[in-house]
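Asks: Below are the structure tokens for one structure; questions will follow.
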Amino acid sequence: MLKLDRKLLRDLVHLRGQAAAIGLVIAAGVATFVMSMCAYKSLEAARARFYSEYLFADVFSSTGRSPNAIIPRLKEITGVAAVDTRLVYDVLLDVPGMSEPATARLISIPDSGQSRLNQVYIARGRMLDPLRTGEVVVSEVFADAHGFVPGDHVRAIINGKIQELSIVGIALSPEYVIQVQPGSILPDDKRFGIFWVSENDLEAAFDMAGAFNSASLRLAYGNQVEETVEVLDRLLKPFGSVGAYTRDEQISHQYLSDELTQLRGMAVLAPAIFLGVAAFLLNIAISRIITQQREQIAALKAFGYSNFEIGAHYFNLVLVITMIGTVVGILVGFVLGDSMVGAYAAFYKFPSLDFTPDWFAVAIAFLMTTVASVVGTFFAVRSAVLLPPAEAMRPEPPPSYQPSLIERLLPRKTLSPEVRMVVRNITRRPVKASFSVLGISMAVAVMILGNFSLDAMNYMMYFQFRLAQRQDLSVTFVEPATESVMYEVQNLDGVLASETIRSVPTRIRFQNRSRRVGVMGVEPDAKLFRLLDADENPVRVPDFGIMLNTKLAKLLGVRIGDLVIVEVLEDKRPTLTMKVAALVEEYSGINAYMNKNRLHEALLESKVASGAFLKVDPNRIDTVFAELERRPGVGSVSIKDAAMKSFEKTVAENLMVMRSFIIVFAGVIAIGVVYNTARISLSERSRDLATMRVVGFTNGEVSIVLLGEIAAFTIAAIPLGWLIGYVLAGAVTAGLDTDNYRIPLVIARGTFVLASLVVIAATVMSAWVVQRRVTELDLIGVLKTRE
Amino acid sequence: MSSATKTTVFRTVDLTKTYQMGEVEVRALRGVNLELVESEFVVLLGASGSGKSTLLNILGGLDTPTSGQVFYLDTDLTASDDRELTRYRRDHVGFVFQFYNLIPSLTARENIELITEIAVSPIDAMDALEIVGLRERANHFPAQLSGGEQQRVAIARAIAKNPQVLLCDEPTGALDVHTGIVVLEAIARINRELGTTTAVITHNASIAQMADRVIALSDGQIASVEMNVSKVNASELQW
């Protein structure tokens with residue numbers, strides 16, 4: 001080994017504390033990057049495999065009763081490779097031990113024993129025998145939530161008749177990688193399941209022999225999606241099509257895509273923050289080493305080491321720290337990625353979801369960290385290279401200090417000499433001081449960024465489920481229910497209050513943009529289902545005109561007062577021109593609302609309802625459930641509290657894991673910055689400090705000089721960190737803004753406090769470690785050696 | 001020994017040097033003309049601030065003059081760029097500094113090998129240590145050596161590359177009399193046995209007695225040049 005390299009290794013051992021702190025910051029950034037990229041690759045690979053092997057469709061359409069005779073026409077559509085038609089019905093289940101009803105989506109399996117598209121993967125048990133009656137294959141999450149195994153039985157209320165189904169298999173489908181009931185934001189494994197049953201059974205139960213109500217198409221090439229949607233709509237329009245849609249609007253696919261987008265975002269944001277901080281830390285550490293080794297550099301140059309060799313020597317030092325950090329980060333990233341993929345397996349159901357190392361990401365990680373550290377230390381190393389050897393021989397002139405502005409503003413006696421030293425040290429190198437403050441504030445910001453998602457989620461839940469929706473149950477009817485059905489439901493024993501809604505599928509157009517949206521007719525003076533503006537104030541339902549939620553308005557580029565075209569996709573299919581009367585705030589879905597009575601008029605119908613919101617006496621809720629289950633018209637019942645609890649449980653668990661990581665990572669940044677800054681102050685000032693000790697200053701007084709700077713940096717960094725955290729959180733919410741849900745930019749006071757406390761704790765810890773060295777100062781030794 | 005029969009190693013012409021030290025401008029050299037010849041042992045004598053270190057640095061290719069010329073053999077060092085100066089130092093010059101400037105993270109032997117690794121025709125590091133009498137301290141780190149020992153390691157390091165010139169800047173400045181003499185003996189021995197042209201800077205007039213020639217510098221100019229008729233052995237020096 002070259003002696004210069006041996007010097008490098010020994011320098012590194014000498015610097016181990018600082019090097020470890022910097023390496024950890026790099027490792028944290030790399031770990032997050034590698035974790036996200038590997039999770040991305042694993043998830044995407046599993047999705048691609050599942051989609052292609054089990055023939056996930058490209059275009060979907062729900063219709064009324066469509067005759068099988070139309071199928072050949074569907075197959076003739078240009079670019080269509082395969083067509084699958086089937087029967088799909090949502091029914092209520094009567095699950096033993098569960099008083100509230102669950103909803104099952106029944107999907108038909110043809111006589112051949114497997115669908116042509118969106119095929120079923122049998123995880124356990126067997127595929128149902130299509131020629132046998134009463135067999136069912138149940139989706140895995142639902143089966144697991146209830147502990148169902150093949151051989152168990154479950155009772156479904158199919159078209160008003162209770163029917164006993166025999167579970168023969170547990171399955172997965174590319175169409176339901178994540179199972180979210182339409183109209184809800186979140187999966188509720190216990191109350192929504194997919195049931196595959198034989199086509200014969202469904203045809204018989206719903207009197208649909210020779211007909212279908214759901215079509216899926218798989219395209220030969222992906223480039224004709226728009227045209228196919230149009231042709232399919234035209235063909236199925238006479239049969240009550242509510243509008244075809246593509247994968248982009250398919251719920252399970254959307255959730256997966258959102259997740260992948262989030263991972264990508266994390267893979268960009270995390271390295272940007274962590275490597276930025278690491279570059280800064282490397283800069284101050286290497287600058288200090290070069291200052292300390294000024295005379296060594298001079299000697300090396302005097303003996304003929306070239307500038308290139310000197311430069312390479314210090315870059316190598318930087319790169320060794322960087323590479324160790326990177327390798328550790330990659331290994332940790334693999335471990336975290338593996339556990340993240342494990343956590344995904346609970347949410348997203350694939351036949352196989354295996355951790356796949358992303359070697360490209362590993363290569364990128366090396367590249368990123370190398371670039372960051374070389375850029376971060378370039379000027380410091382250059383100063384070593386350019387250092388004229390003769391000048392380096394001479395001791396450095398005393399740094400020039402000036403009384404700072406603060407001192408000049410304050411009366412002379414107010415500041416003690418110690419404090420004055422601190423102030424002058426800071427003001428002498430304002431750039432370095434700013435970067436230290438920025439570095440610590442990044443720790444605060446990372447903490448805020450990591451914790452705000454929970455605040456936002458809590459607020460979203462509060463807004464949506466406490467302020468806006470105040471019902472206990474929402475009921476949907478299979479067919480629009482007549483007034484008598486509504487009357488019946490509203491007067492069930494235990495129902496305290498109720499409101500009905502009428503919703504229709506539509507396509508809303510504005511200029512060249514359009515969206516498939518359910519328009520909901522609501523009661524003008526609603527008490528249960530309320531529409532709110534961003535300031536949480538109820539929005540009065542206007543007599544005329546349509547109300548859009550802000551997301552839909554943004555998508556369409558519509559403002560209040562604009563005229564939009566509403567094409568109703570049901571029944572008589574009227575096309576209406578409506579004025580946008582108001583905007584409402586919602587954090588999930590894209591929705592439009594209007595006065596229910598106006599909607600009835602527009603549809604030329606009497607008072608009917610698609611669903612109802614009920615407020616129920618908690619003591620009699622079980623009776624209400626039992627009554628609802630008995631009624632054939634009731635298609636689904638969703639229980640607000642149950643949905644909320646199930647969500648909070650799963651989300652809270654996952655967020656807790658993420659939170660602990662983030663607290664650790666933020667701590668790493670804070671310790672990295674504070675420890676390095678303090679350690680360097682100590683090294684720069686050990687002579688001054690020792691001199692002060694010799695002339696009679698106490699350890700405590702000397703520590704003020706050393707740690708006062710750190711304290712000042714931390715105090716300045718906290719509010720700045722709040723601001724940066726807020727801005728980054730804003731960027732994240734913008735990045736996660738999807739049709740399915742939006743994350744409000746809400747940061748609880750507790751999050752700011754927690755972020756500050758963690759950073760203060762990290763500061764105190766680092767300061768304590770460095771402060772101990774003040775008491776160990778070798779007073780005589782320090783004074784004897786030449787600086 | 002007369003300069004007529006020997007090759008001139010260094011020749012300077014009207015050297016001046018002005019530099020900025022913090023907020024102060026220092027005029028270190030104001031027109032220096034001198035010649036050093038092969039195998040000569042020269043002492044550059046002068047008080048602190050007389051410009052002697054600056055002169056040595058310029059001779060060693062560590063610094064460049066503000067005006068004037070320096071020749072090493074036939075090479076005009078003032079016309080050399082940074083790369084050529086580096087090459088010059090690497091191949092021809094051995095330095096000894098007042099504060100030793102050893103690399104604290106390397107042992108005595110490694111400090112020498114650091115230089116022999118890049119030299120053209122070096123001698124073995126252990127042999128160099130032998131010359132300064134420190135063979136048995138080869139594996140000690142600078143912090144484990146006394147000041148005199150550190151300086152002897154520095155001398156071993158300087159000569160290990162087998163240089164044409166040995167430039168010593170106050171080699172005994174940080175040492176007591178006894179260790180100072182040991183160090184000077186080592187330098188004298190190298191000059192005597194290897195024939196290395198040697199220039200020693202000092203403010204200590206006693207040391208001048210061991211030189212072939214004594215050049216006194218004062219206020220950036222040569223004040224006097226004296227040949228020593230009878231050289232005194234380092235061991236006989238007193239201060």
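Positions of Cβ are set from backbone N, Cα and C atoms, glycine also.
Not measured: the values here are computed from a predicted model.
Pulled the feature table from TrEMBL, pasting it below:
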- A:269-384: domain 'ABC3 transporter permease C-terminal' (DOMAIN)
- A:661-775: domain 'ABC3 transporter permease C-terminal' (DOMAIN)
- A:20-40: transmembrane segment (TRANSMEM)
- A:266-286: transmembrane segment (TRANSMEM)
- A:314-347: transmembrane segment (TRANSMEM)
- A:359-381: transmembrane segment (TRANSMEM)
- A:433-454: transmembrane segment (TRANSMEM)
- A:655-675: transmembrane segment (TRANSMEM)
- A:710-734: transmembrane segment (TRANSMEM)
- A:746-770: transmembrane segment (TRANSMEM)
Asks: Are the transmembrane segment (A:655-675) and the transmembrane segment (A:20-40) close, by which I mean at least 3 Cβ pairs under 8 Å that are 6+ residues apart in sequence?
Replies: yes
Asks: So which residues does the transmembrane segment (A:746-770) touch in its own chain, when a touch means Cβ under 8 Å and the partner is 6 or more beyond its ends?
Replies: 17, 440, 443-445, 447-448, 451-452, 455-456, 458-459, 663, 666-667, 670-671, 674-675, 678-679, 681-682, 706-707, 710-711, 714, 717-718, 721-722, 725-726, 729
Asks: Can you work out the mean pLDDT of the predicted model over the domain 'ABC3 transporter permease C-terminal' (A:661-775)?
Replies: 85
Asks: Who are the chain neighbours of the transmembrane segment (A:359-381) in space, where the CB to CB distance is under 8 Å and they lie at least 6 residues beyond its ends?
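Replies: For the transmembrane segment (A:359-381), the nonlocal Cβ contacts are 26, 29-30, 33-34, 37-38, 41, 267, 271, 275-276, 278-280, 282-283, 286-287, 290, 311, 314-315, 318-319, 321-323, 325-326, 329-330, 333.
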Asks: Residues sitting near the transmembrane segment (A:20-40): Cβ under 8 Å, six or more positions beyond its termini, same chain?
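Replies: Long-range Cβ neighbours of the transmembrane segment (A:20-40): 260, 263-264, 266-267, 270-271, 273-275, 277-278, 281-282, 285, 321-322, 324-326, 328-330, 332-334, 336-338, 340-341, 344, 355-358, 360-362, 364-365, 368-369, 373, 664-665, 668-669, 671-672, 675-676.
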Asks: Going by DSSP assignments with H, G and I as helix and E and B as strand, what are the residue counts for the domain 'ABC3 transporter permease C-terminal' (A:661-775)?
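Replies: Each residue of the domain 'ABC3 transporter permease C-terminal' (A:661-775) counted once, the result is 98 helix, 1 strand, 16 coil.
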Asks: With DSSP helix as H/G/I and strand as E/B, how many residues of the domain 'ABC3 transporter permease C-terminal' (A:269-384) fall in helix, strand and coil?
Replies: 100 helix, 0 strand, 16 coil
